[in-house]
Amino acid sequence: MVKKLYIKTNGCQMNEYDSSKMAEVLYASHGLVKTDQVEDADVILLNTCSIREKAQEKVFSQLGQWREYKAKNPHVLIGVGGCVASQEGSDIIKRAPFVDIVFGPQTLHRLPALLNERLEKNKSVVDISFPEIEKFDHLPAPRAEGPTAFVSIMEGCSKYCSFCVVPYTRGEEISRPFDDVLAECYQLASQGVREINLLGQNVNDYRGIMDNGDIADLALLIHYIAAIDGIGRIRFTTSHPLAFSENLINAYAEVPELANHLHLPVQSGSDRILSLMKRGYTALEFKSKIRKLRKIRPDIRLSTDIIVGFPGETDKDFQDTMDLVHEIGFDTSFSFIYSPRPGTPAANLPDDTPMEIKKQRLQILQNRLLMNAARYSESMIGSKQKILVTGFSKKSSQQLSGRTECNRVVNFDGPPHLIGQFIDVQISDALPNSLRGRLLEKEMQPA
């Protein structure tokens with residue numbers, strides 16, 4: 001009988017990538033097949049995120065929901081991975097003794113051995129060490145699951161922003177060797193992948209060693225990936241403005257496969273707050289890089305991350321952020337109210353701004369961003385857009401779905417053979433979270 005694996009993933013795209021690798025490594029080692037139903041699973045994994053407020057309590061709340069299932073099915077193994085696992089370690093076992101395995105982001109490749117150790121010794125096991133880049137050397141060959149794929153090119157972060165736990169949960173920055181990344185991209189392209197998404201906590205700090213001993217930056221890596229037969233689009237996330245180099249800006253002029261969209265977290269428009277955050281740049285320096293980029297790609301769309309209500313944020317600080325949002329014209333943003341993360345410097349800063357004020361500021365910011373997004377979506381009506389068809393629409397199996405270069409979802413009527421192809425559609429309607437399009441006549445016939 002085939003045994004099954006259920007994975008619940010919280011957090012960022014890096015976690016989504018890590019979860020896919022957990023599934024691959026356990027399929028290769030133990031033949032575990034993924035299921036979307038937790039009640040069908042023989043192994044249950046929770047891949048955690050520590051970015052948002054009360055992350056630890058949310059983990060134990062989820063584990064509490066699985067406790068009864070485990071009691072009724074004692075053969076089921078439960079594992080906790082990700083950043084909360086890295087922070088809490090064996091304390092997870094103390095609070096939830098029914099958990100069998102605790103592992104960190106850098107030790108997911110050891111899951112088969114941890115699983116075997118748990119079964120052999122009949123006691124919980126914990127491995128939250130930081131074995132640098134070792135995990136990539138022990139993962140199975142990548143398996144494409146559609147025309148787009150995520151490729152992790154580096155791990156960790158060395159910026160130590162005052163509000164962020166990533167350096168403590170994922171370790172210092174370390175880049176995968178250049179040729180290892182290229183080999184994975186070649187393998188994925190041979191399996192039908194047409195769009196590569198390069199991942200890292202601070203992806204534009206990539207410094208991969210080449211076979212000749214030279215060091216490749218992200219811009220050079222992008223050039224090489226663009227030359228792979230079949231790869232028609234490249235994206236990368238998440239970037240840090242401090243490391244957004246001239247070489248990377250020039251890549252937008254030199255590599256047409258580089259998507260016409262950039263996610264660049266600014267966090268605040270106030271120099272005072274940016275300094276408290278230890279971001280390492282000013283609002284003017286951020287705007288200068290955007291101006292240079294727009295000289296090369298005038299119509300590039302930008303998204304960002306913004307924290308509202310950072311300790312000590314005044315009305316003027318918030319207005320500086322709103323002014324920057326207006327000037328840059330961000331298309332979308334992941335914006336949220338600051339919450340202190342244990343062990344970070346910002347957690348010790350005095351914070352006397354009432355929560356009600358923080359909520360008001362967040363609402364004002366999000367209203368502006370929604371207005372920006374709606375205005376841009378409406379401006380696309382009637383335009384021809386090149387999209388990569390990724391599959392069927394979530395709402396209707398009678399429609400296809402894909403993404404534009406600027407990362408907008410487009411749903412349209414069309415034949416299934418178009419899945420995995422780049423095609424042109426005309427945008428016919430703008431909805432709050434997606435666009436509707438019409439397939440152009442020349443795309444209707446099979447190739």
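From the backbone N, Cα and C atoms, a Cβ is placed for every residue, glycine too.
Keep in mind that this is a model prediction, so the values were computed, not measured.
So that you can see what the record holds, here are the features copied from Swiss-Prot:
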- 3-120: domain 'MTTase N-terminal' (DOMAIN)
- C12, C49, C83: [4Fe-4S] cluster 1 binding site (BINDING)
- 143-375: domain 'Radical SAM core' (DOMAIN)
- C157, C161, C164: [4Fe-4S] cluster 2 binding site (BINDING)
- 378-441: domain 'TRAM' (DOMAIN)
How big is the Cα-to-Cα gap, in Å, between C161 ([4Fe-4S] cluster 2 binding site) and C83 ([4Fe-4S] cluster 1 binding site)? 17
May I ask you to report the DSSP-based helix, strand or coil state of C83 ([4Fe-4S] cluster 1 binding site)? helix
Sequence gap of 6 or more, C-beta under 8 Å: which same-chain residues meet both conditions with respect to C12 ([4Fe-4S] cluster 1 binding site)? C49, I51, T238
In sequence order, which residues at least six apart in the same chain have a CB under 8 Å from the CB of C83 ([4Fe-4S] cluster 1 binding site)? G11, T48, C49, S50, I51, A55, G104, P105, V165, V166, T169, R170
Take every residue in the domain 'TRAM' (378-441), average their pLDDT values, and give the whole-number result. 94
Would you find the one among the binding-site residues C49, C157 whose Cβ has the most company, meaning other Cβ atoms within 10 Å? C157
Which residues does C164 ([4Fe-4S] cluster 2 binding site) neighbour through Cβ under 8 Å, counting only same-chain ones at least six apart? I51, C157, R341, T344
Would you list the other residues of this chain near [4Fe-4S] cluster 1 - those whose C-beta lies within 8 angstroms of the C-beta centroid of C12, C49, C83 - in sequence order? N10, G11, M14, N15, T48, S50, I51, G82, T169
Other same-chain residues whose Cβ falls within 8 Å of the Cβ centroid of C157, C161, C164, the recorded [4Fe-4S] cluster 2 site, in sequence order: K159, Y160, F163, V165, V166, P167, Q201, N202
By DSSP assignment, list the helix, strand and coil residue numbers for the domain 'MTTase N-terminal' (3-120), in that order. 64 helix, 22 strand, 32 coil
